[in-house]
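Feature annotation from TrEMBL assigns transmembrane segment to A:122-139, A:145-161, A:173-197, A:203-222, A:258-276, A:282-304, A:411-432, A:438-456, A:468-496. Under the heading domain 'STAS', TrEMBL lists A:524-647.
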């Protein structure tokens, strides 16, 4: 009894019959299953596309507005700064200045350290903390992000580039490639945003990222052994084994002064970190720690400069703001592919961190960040950065956290930070001459250790074993194979998980909960009872080419087992198989064929196949493929209850 | 109100309260949502694995049997021949002999032709129609399959090997590689069966296969232009463009006699095919056509052997049965990788055809073939084949169809066919000396043309546009790029389709169907009505890392739009968002976090999030992750109706 919603009403009355189900005590009407209202292919396509690319309906503000208002909104849309600027006031400014200076004190040493992590000259790290924040503050829609270089992206860039080009041998080429990678990272990020393909980064599940981050943290820390031990000749491989071997091979080069200095400052920073974790009020303790250590260590080394020669120091850093570097971009030559690849990988990673940070604090302060706009902002920021001697930057977890704790109200705090960095660049560079590399290493280690999150991993293990497995695999991939491959493994597992779930869906036996029209999982609801001569199955997934064969086999097995059970218990023989299609949210041609075949095979065993509650698009496809017709005669009902009722009418 | 099914009963009574929903007129009890009975991780793992690898519970026959019976069943399990052999009788034999001879008459010319399609000596095709059918008849569980070489696999093997090795230049190496590829195809197929990874071939959806087959058919037919036009120097590329160019470049080599001969026999065979399609009773007309044409053309060329020199003929074929070839397998050297790759691709393709054929006729005659056992059978058959000068074979569509039409009762018909081939090999080979290549080309063309199925493609277009797109892409991939790449594209699209569906699930607004407890899609059921101050959404997919962000955005947009609608119509403001979780068949940690965040964000807008009918494993995970606790207070109900009722108690 299929009818199109147009000629529904008249049919409807005639179908309504009031009867009683054998084991529930409420009157029940039989309703016909309707087809969804007809749509042209074009309408469907339009709807589908808007669902795929514009789920958040970004332009809803523009609807029915005057052209002037539209223009204004447009400007605000592309430059969120104009949204909050009007309401900006002095008290905002005060807190922004405080937080701005706080993150600056963190940003300067971090910048220098992370640049070294990417095998880049330290000054690049400072440059990267100056231009990008300014650009983000114009374009970004998050109010609490702290922009700058981040450890993971720095590490990955360093590792991927060092595989083919060594900084020590050809610094210029290496720098060129780093800037070009940054440019492509920006292009990639911006285009993801413009093409609204943001969902691509969703395929890095939190679980796999957790493992990836932890693995990266370990790799990074191992790399720091070079600085911590003061080893001059160090492997440029990344994996745990070669690094450790080279560490112990070079035991002769270990410098005890360096080790002592490093360990003491590391303990200092870890303690401050611990304090801030215990007392969030004292966040500034850990925020200020890196700068303090830099100052102290620099002074120390300055005083001991005669005695402690072998403590490696940063040395001369050029004064002045970012030199333009658009001329250094490398667009043809043997390494272009490498630059693009590095750009895309670092782009994805930094984007993931940036978006996550933005979303986290947006949820915390109850405003929404538009993922795609964020991508454009971060992308443009990196493109501009690549033209002003900056490498990949994004919203950094550590900075943003400090920023928020320091009471940042708007993105202005980033402008303040940038200005502080500017002052440093213009006047304070010589002060870093005696800063020992070991303290930078210590800063990195203390920063990345925070990325290893045992609680989260334990929670994964408790809640979802497969997620835990994914996490573990990406961890091992990073630690034992290589960083990009680890990432690849992470994504691969995530996708494999989906495919497995799709190709092996659940089928659940339903029973009636006494005195109700509710049919539920017999296994979950012990009071639910089977109904004689009926067998009710719920298929818990779309029926696809990927699972249609499996479902057919599985359902036939259910039927076989049910028949055996019935025979064993001498119950009335099986006459009807009701498939509850509520969770079958889609079907394709293979699925439709499977349903048809199933119906035939069951009929040969004199069992009738009945469909309960197929959703709109499934109905439509069954109708178009003419399979529906074979179900019209007592084969199609709105709910399981109605099916049972209607069929068991004497 | 969560409680574990153990301490259920006592709670249950106290929870049952009888009240009325504002807009339905039936008493209603509120039931608590239960957790599924507790299982240890090991139990879950065991269950999951059995669901993944043993959906059909292959060993159910062995349950509680005597050891002797078990042994017997075991033998029958591995050698299905022992299942039907006892019941075998004379009348079976009669029909098997008829059908066996019929397919033999088809198999002999087909074998020779397909071998040429794979650039192999024609005799290999006959060898391949002798040993493999015998082995399959011992191990195979299908009763109607006709075993032998198939066009697609032959084509793919030919194209993949020819890319690196040319038969004309190094026939021995080429033959070695072909046999080795066959061996690896067998190993791959068998291991898929043993490891019960059969579902891998399910990822070739029918839609994409349709396109692939059609494309391959065109490529094959184009290849035959060499034979049909009698061109001696022909490109060994496969794509449409180079083939056509080389055809017209070599216009000088066209031999009009060849063309005339070819066209006449092609028309003959196409006509017979048409007749058999119109009148299935006359199937034997098309079945006998190839042999007839071979005989006729051979006689013709024999008579004209003086005048028609330039009609290329097969020439001398060695007498005698399959020589052993295990010595020719090629296990080390530069081409090993190629052999393995070719083996896997041809293995998958032949497997797909074989399994499909088996399933089709099993459904037709209402018995079941065990996919994984079939894979083992086909795999072993190919491994054995590779040691007896056979190349890749499987259950062939054309032969099986003829076999069934000719009234085959059991797999014995294959044994008959094999014996007929044996006789040919021993005594009749000289007769093929004058057989012209052109007639073989004609046989191939008339065979593969059947693979182009316009009706099916049109049906795809009508029923499922995305399936049609997938079909089209794999078609173009094969025709314009390359056969293996076309296959890759086909699989890629199929997987992309799944991922897209998973990452952009539907969300549907539900309304109450008056006078019932049924809540349904407002868009599909016009009489369904919204309930004041409630907003009811059904999420039609598992909530995964891949779609959690999307769902959050989408749901928040739904809420925003609903609030606007309510304001516009001056209805009572929105207080509750009910999520119908029936179709949310799984959730992972990202999904759980999303639910939590969503709850918080909605509460900030003073809207309460309510979950209706979460399924077992979702309940479990929500419980383990402690998120459930936040829903216990009026946030969790068994059905939407109960949620609405319970919440709207005054």
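For all residues, glycine too, the Cβ spot is worked out from N, Cα and C.
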> Which whole number is the mean pLDDT over the domain 'STAS' (A:524-647)?
Replying inline: 89
> Is the number of Cβ-Cβ pairs under 8 Å between the transmembrane segment (A:122-139) and the transmembrane segment (A:411-432) three or more, considering only pairs separated by 6 or more positions?
Replying inline: yes
> Counting Cβ pairs under 8 Å to the transmembrane segment (A:203-222), which of A:282-304, A:411-432, A:438-456, A:468-496 comes out on top?
Replying inline: A:468-496
>> Should anything in the same chain at least six residues away from the transmembrane segment (A:282-304) have a Cβ under 8 Å from its Cβ atoms, list it; otherwise answer none.
In response: 102-103, 105-106, 108-110, 261, 265, 268-269, 272-273, 275-276, 311, 313, 401-402, 405-406, 431-432, 434-436, 438-439, 442-443, 446
> Would the transmembrane segment (A:173-197) count as touching the transmembrane segment (A:438-456), i.e. at least 3 C-beta pairs under 8 angstroms with sequence separation of 6+?
Replying inline: no
> For the domain 'STAS' (A:524-647), DSSP counts of helix, strand and coil?
Replying inline: 59 helix, 21 strand, 44 coil
